[in-house]
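Engineer: Residues or ranges marked as region 'Disordered' by TrEMBL: 71-92. Annotated compositional bias 'Basic and acidic residues' per TrEMBL: 73-92, in sequence order. Residues or ranges marked as transmembrane segment in TrEMBL: 247-264, 270-291, 341-361, 373-392.
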Amino acid sequence: MASLLFRTSRRSASCLFVHRKFLNPLSSLDAPISYSRASLVSNLWCTRSDFACENFIRDFRFGLIHGFSTSSDVKESSKSDESPSGSVKRDGRSQAKVEMSWIYLYLPKKIQPYAHLARLDKPIGTWLLAWPCMWSITLAASPGQLPDFKMLTLFGCGALLLRGAGCTINDLLDQDIDTKVERTKLRPVASGQLTQPQGISFLGLQLFLGLGILLQLNNYSRILGASSLLLVFSYPLMKRFTFWPQAYLGLTFNWGALLGWAAIRESLDPAIVLPLYLSGVFWTLVYDTIYAHQDKEDDLKVGVKSTALRFGDSTKEWISMFGVANIGCLALSGYNADIGWPFYALLAAASGQLAWQISTVDLSSRADCNRKFISNKWFGALVFSGILLGRFSS
């Protein structure tokens with residue numbers, strides 16, 4: 001193809017020069033080039049273009065070689081600089097990797113730290129808080145009826161706000177710990193992007209907006225919802241005193257299983273809501289123990305406690321028991337609610353998803369622990385779908 005493009009022409013000898021010198025170096029450079037009288041004029045102005053072509057191609061060939069060698073050097077340098085923990089070392093120091101998210105791409109610079117503080121770029125926490133609410137609201141629907149869409153929307157917005165408020169409280173109370181943990185030291189309060197007063201002001205805004213949602217509910221639900229704040233504010237302190245902060249988180253995060261039912265029925269049915277609530281607590285013990293294995297090395301250094309450290313090498317046995325208890329409590333709640341058969345079919349599918357998590361998770365891999373933790377949104381979705389179809393068909 002190159003020979004066709006640069007073939008000899010009576011109008012220009014420069015093409016033949018380029019072809020012989022650069023694209024076909026094995027050809028005879030001493031072979032005479034015949035010029036016709038008609039081509040003499042054109043050859044005069046082609047002389048300068050020959051020189052330019054020669055320089056361009058030389059620079060192009062050098063750039064290719066230099067580019068390949070430079071990229072190889074960068075790759076090798078990156079491999080040598082990367083530590084086992086996933087951080088990158090520079091001049092003997094360890095710097096945490098900064099994950100670029102939509103927050104830093106689309107939000108104004110002044111708002112970015114607040115969005116980061118509320119974990120708006122990590123919706124998994126909102127899903128895990130919202131699912132028990134959705135289960136309860138759907139279970140409280142009348143047989144053969146769809147759940148109250150307005151309530152589902154209110155609780156979805158409430159989960160987004162209160163999960164963010166919980167993260168703000170956690171970061172304000174754990175600033176001294178977060179600065180010593182690789183995964184958390186770039187959080188806005190720990191890194192100094194936000195001061196404590198700024199964080200407290202933002203928390204006030206979050207709670208004020210949450211209050212607006214709570215006031216949309218009945219009086220019974222308002223009292224029940226407000227009583228959860230004691231759990232929300234005290235949870236971040238638990239890791240300093242007990243190896244079971246994940247159990248306390250379960251009591252906090254699954255309060256919506258009680259609140260959702262109360263918002264529809266204006267009361268609580270212990271035979272239904274207590275097994276549902278306990279199922280959420282056991283579920284939290286599974287997914288948050290897996291999550292805690294990401295920080296177990298840093299937790300040991302800092303002196304923070306967790307079920308990951310409490311269970312150690314027996315973690316899979318423990319979370320397997322919690323998984324069985326979770327499924328058993330869900331089945332009991334559905335049975336007491338006289339729910340239809342689709343619930344049990346999808347509960348079996350959810351059991352398979354949970355069993356897959358527990359059996360395949362690599363507790364020594366931070367990346368795999370995070371993947372399995374995030375996959376719990378699908379467990380929640382399967383249970384919700386089962387309750388929805390079971391209630392609609394009953």
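Note that Cβ sites are derived from N, Cα and C of the backbone, with glycine treated the same way.
Provide an account of the burial state, proximal residues and distances for the features listed.
Structural biologist: Below 8 angstroms of C-beta separation, residues 128-130, 132-137, 139-141, 148, 151, 155, 159, 166, 217-218, 220-221, 224-225, 228, 231-232, 234-235, 238, 272-273, 276-277, 279-285, 288, 307 of the same chain, each at least six residues beyond the ends of the transmembrane segment (247-264), sit close to that stretch.
Same-chain residues lying 6 or more positions outside the transmembrane segment (270-291) and placing a CB less than 8 Å from one of its CB atoms are 128, 132, 135-136, 139, 246-247, 249-251, 253-255, 257-258, 261, 306-308, 311, 315, 318-319, 322-323, 325-330, 332-333, 336-337, 354, 357-358, 361, 363, 369-370, 372-373, 376, 379.
Cβ atoms under 8 Å from those of the transmembrane segment (341-361) belong to residues 286-287, 290, 316, 319-320, 323, 326-327, 330-331, 334, 368-369, 372, 375-376, 378-379, 382-383, 385-387, 389-391, 393 of the same chain, restricted to positions at least 6 beyond its ends.
Tertiary proximity for the transmembrane segment (373-392) is limited to same-chain residues at least six positions away from its ends with a CB under 8 Å from its CB atoms, namely 124, 127-128, 130-131, 134-135, 138-139, 141, 143-147, 283, 286-288, 290-291, 330, 334, 337, 339-347, 349-350, 353-354, 357.
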